[in-house]
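K.L.:
Can you keep this structure in mind? I'll have questions shortly.
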Amino acid sequence: MAATVEIDDHNENDNGNMWVLDQKLDQPMDEEAGRLKNMYREKKFSSLLLLRLAFQSLGVVYGDLGTSPLYVFYNTFPRGIGDPEEVVGALSLIIYSLTLIPLLKYVFIVCRANDNGQGGTFALYSLLCRHAKIKTIPNQHRTDEELTTYSRSTFHEQSFAAKTKRWLESCASRKNALLILVLVGTCNVIGDGILTPSISVLSAAGGIKVDHPNMSNSMFLLLRAVCLSISTVLLSNLSLFINYIVTPVACGTGVVVVVAVIILVGLFSMQHYGTDKVGWLFAPIVLLWFLLIGGVGLFNIWKYDKSVLKAFSPVYIYRYFKRGGKDGWTSLGGIMLSITGTEALFADLAHFPLSAVQLAFTVIVFPCLLLAYCGQAAYLINNKEHVIDAFYRSIPDGIYWPMFIVATAAAIVASQATISATFSIIKQALAHGCFPRVKVVHTSKKFPGQVYIPDINWILMLLCIAVTAGFKNKNQIGNAYGTAVVVVMLNTTLIMTLIMILVWRCHWFWVLLFTGLSLVVECTYFSAVLFKVDQGGWVPLVIAAAFLVIMYVWHYGTVKRYEFEMHSKVSMAWILGLGPSLGLVRVPGIGLVYTELASGVPHIFSHFITNLPAIHSVVVFVCVKYLPVYTVPEEERFLVKRIGPKNFHMFRCVARYGYKDLHKKDEDFEKKLFDNLFLFLRLEHMMEGCSDSDEYSLYGQRTEQSRDCLLSYNNGNTTSSSIDLTFSTVDSIAPIKSLTNGDLTVKSYGQASSQTEVDEVEFLSHCRDAGVVHILGNTVVRARRDSRLYKKIAVDYIYAFLRKICRENSVIFNVPHESLLNVGQIFYV
């Protein structure tokens, strides 16, 4: 392994004007470096493997989009069909909507903007953060840009991309506006996670009343008898819930809503198993679903009206609007439902390669959806009065109940896809500091992107039940669903415009063409759903507004807390003035001081040592930060740096994670931290042995002699991890002196110089054996007395409440209570 050694005269804020030595453990061969950089790019697959992946993608990616035929025509014509030509016009709109939005825009354009295979709003934002300095929390270091997974390119000074980059970076309000745009899209995706299970399951369960309209009364009596028996024998929470919640619902709306609620409760109760446990069922169910709806559609075209195929002519779209007027325009809110699930398609992209997703859509999904809609339209032309249950009415009698079972299973799969996408996008928001700390559980060793968030799961379940039982019909839920989807698509279009400029460097003509066509189509749909805000469309707006307030207030508090840490950090001159003992008694052990700062000595440290008369023999400032990358490779995760001279025994360790990485709740983190710290000391000692050679100049010259020195030392080292080695030479680095047996207290300069030399690794091992104490800051944020009312409400009430209910850092880091020391401080913003 070759070493790249360079001296950078970078003035760091925490060390004053001093030389900083950076040693990078790079791969020695160009091929190896290329292999690492291409590791996360899409691989080429064999034909057989590609077909298998395309088959599997059906169950995860296309469940939501595939269940749209359950409710589209009813939401398009809630008042009934007047003229059969209206059906043809609506079908023509559906055909071209499916072609323009899911096929052209998402599958072949937007999905190519994935972040190392990751999709979703925050994945696009992460791409932008790597190509422009727009991140509102300025915790990135120049070494972060040298990660294997961190791809960043340079711009020509006069290019349109460079001008756009400077325009974004020059104003903080533009950065905040972009963040709010991302948050709005994220909040509406969360709204999709609430509305999709409601409308899908409710529409699928609606098949019960179609074939058995008198079933409701008998089912209600049976359900009430069972509930009363359960509550009498066992007064459990579940029985009370069923008796006092489900039974009243059954009185008012019948068995359909009750069945939908029961399915929803069962669906959310199974989330802790993870999609990996039941994922093998998804693909066959969805494939069977697409084949059935395609086959039924083909049968209905042949049986009822072959002339419906004339809807492929866009002329009928013009006739539809001319005939329908305002009603035809507002019916676009129902047409919009034919492309719902497209945003979930992009969010769930992480599990499969793009080529497999494209193959599945073009070969199976797109043709079967077209046949299904054409078949329903052919049926409705001859049976206009059946529009309320168009899907189930158009099914041949011989396969009705098998179709009902498959439809219910497909609705569950569709709900699972959006729920998983919601968990994934909240995990991304959490990593960007835009969501309160919640418990995140990995449910699959095979797919690291599959996560489960218990708190969010139960909140989604309650909201889904409230929406299902509150609206009671799929028309109002459809209005709400369309509003959420079109807002997400508009946000994606605006963010994609920046992606095409800054990341892809497209010519302005292609940027203008993509943005213009997308906005024309989506703004048309948006204007239509605005007419239905009072008919259920207000629900996603309220849900999104609530989550937006939570996410933005939390991010605002996070930024202000970080700015306070930056402005109040301790100067290195003050630390050096304290001397090796820091003016205190140095007691045996290691103190891990957790801080959000990646540079500088945090204020919590000075607050601690001014209130307590002792500090540990070794102090390590630990910073855990998330970067705008999908993942940070394990061998590149830790950065270690020495603070001050050697006899201070102060270090900094920065642990870097991507937005899909999970800081595991086990002992591995502490073990890996110390492993990298010991490796740092060995490499530093080796560098001292080579320090008198010519290649260690202030200009970072590299020779084969330094490479050989590092290689020979590394070959004898059993530790395989590689770190970014950075240490300060602010003072002459004196050799480590030995200590008397049993005494781990750091002595003064005069005492240390009279002792024999010992290995500092052994010293740290003794300190580790003596005990490790975790020192965490408990920072309380308050608004100033002269602050405006909205700021006081946001900081003193909303942010304070979120801090109170979110997970503690000690739980996230798995810190034992006996080793935990909280240091409280208050600051005003």
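Any Cβ shown, glycine's included, is placed from N, Cα and C.
Automated prediction, rather than curation, is the source of TrEMBL annotations.
From TrEMBL, here are the annotated features:
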- 53-226: domain 'K+ potassium transporter integral membrane' (DOMAIN)
- 255-575: domain 'K+ potassium transporter integral membrane' (DOMAIN)
- 588-826: domain 'K+ potassium transporter C-terminal' (DOMAIN)
- 45-67: transmembrane segment (TRANSMEM)
- 87-108: transmembrane segment (TRANSMEM)
- 219-238: transmembrane segment (TRANSMEM)
- 244-268: transmembrane segment (TRANSMEM)
- 280-302: transmembrane segment (TRANSMEM)
- 328-347: transmembrane segment (TRANSMEM)
- 359-379: transmembrane segment (TRANSMEM)
- 447-469: transmembrane segment (TRANSMEM)
- 510-531: transmembrane segment (TRANSMEM)
- 537-554: transmembrane segment (TRANSMEM)
- 574-594: transmembrane segment (TRANSMEM)
- 614-632: transmembrane segment (TRANSMEM)
K.L.:
Residue list, the transmembrane segment (280-302) vs rest of chain: Cβ under 8 Å, 6 or more residues beyond ends.
P.N.:
55-60, 62-63, 66-67, 69, 308-309, 364-365, 367-376, 378-379, 394-396, 399, 403, 406-407, 409-410, 413, 416
K.L.:
May I ask you to check whether the transmembrane segment (328-347) and the transmembrane segment (510-531) make contact, with contact taken as at least three Cβ pairs under 8 Å and only pairs 6 or more apart in sequence counted?
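P.N.:
Counting Cβ pairs under 8 Å, at least 3, so yes.
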K.L.:
Give the nonlocal contacts of the transmembrane segment (510-531) in its own chain as ranges (CB under 8 Å, at least six residues past its ends).
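P.N.:
Apart from its flanks, the transmembrane segment (510-531) reaches 97, 100-101, 105, 109, 329-333, 335-336, 479, 482-483, 486-487, 489-490, 493-494, 496-497, 500-501, 537.
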K.L.:
Among 45-67, 359-379, 447-469, 537-554, 574-594, which stretch has the highest count of C-beta pairs below 8 Å with the transmembrane segment (87-108)?
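P.N.:
Out of the listed stretches, 359-379 contacts the transmembrane segment (87-108) most.
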K.L.:
In terms of Cβ proximity under 8 Å, which residues at least six beyond the ends of the transmembrane segment (537-554) contact it?
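P.N.:
The answer is 180, 183-184, 186-188, 190-191, 194-195, 333, 429, 433-436, 463, 467, 479-484, 487, 529-530, 794-795, 798-799, 802.
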K.L.:
On average, what pLDDT score does this prediction assign to the domain 'K+ potassium transporter C-terminal' (588-826)?
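P.N.:
Result for the domain 'K+ potassium transporter C-terminal' (588-826): average pLDDT 69.
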K.L.:
Name the range, of those listed as 359-379, 447-469, 614-632, that has the largest tally of Cβ pairs under 8 Å with the transmembrane segment (574-594).
P.N.:
614-632
